[in-house]
Amino acid sequence: YIDAETMHLHHDKHHQAYVNNANAALEKHPEIGEDLEALLADVESIPADIRQALINNGGGHLNHALFWELMTPEKTAPSAELAAAIDATFGSFEEFQAAFTAAATTRFGSGWAWLVVNKEGKLEVTSTANQDTPISEGKKPILGL
């Protein structure tokens, strides 16, 4: 359970600040475009003077956008395809939950726990610090907390 005050803070304050700051950085270099996923997949292509701002704020925007997209008041189960992939990778849904919980609870300071598809096309549980996104590591996030 996450209380309304925490949700308001993250949605209306934190997430909005990430969007505003990412947009301000992008305005300095209109030639690079506005596709944050593409830019963060190749951070070295981002001009040095805005690179860290986009890593922090672009990552914060993408991370929170996925979080909001996945949130629902109803309890949901993974699709049959995802459930089979979880079982094949982790042994069971319960083992996946244990790995995901460990990634979330052992992250020192702020950050995210992720279920991602890695470069080899396999599921992986990982963790990133602060607002770093697994996209910068060539991974596709499918669940984030």
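Using N, Cα and C of the backbone, Cβ positions are placed for all residues, glycine too.
Note that the coordinates shown come from a computational prediction; the quantities given were computed from them, not determined experimentally.
Remark: His64 (Mn(2+) binding site) has His10, His11, His14, His15, Tyr18 as non-local neighbours, by Cβ distance under 8 Å and separation of at least 6 in sequence. Sequence annotations record features per position, and here Swiss-Prot assigns Mn(2+) binding site to His10, His64.
Taken from Swiss-Prot, the feature Fe(3+) binding site covers His10, His64.
Beyond the ends of the region 'Disordered' (126-145), by six or more residues, the same chain brings 18, 37, 40-41, 43, 55-60, 62-63, 66-67, 70, 82, 100, 103-104, 106-107, 109-119 to within a C-beta distance below 8 angstroms of the stretch. Per Swiss-Prot, the feature region 'Disordered' maps to 126-145.
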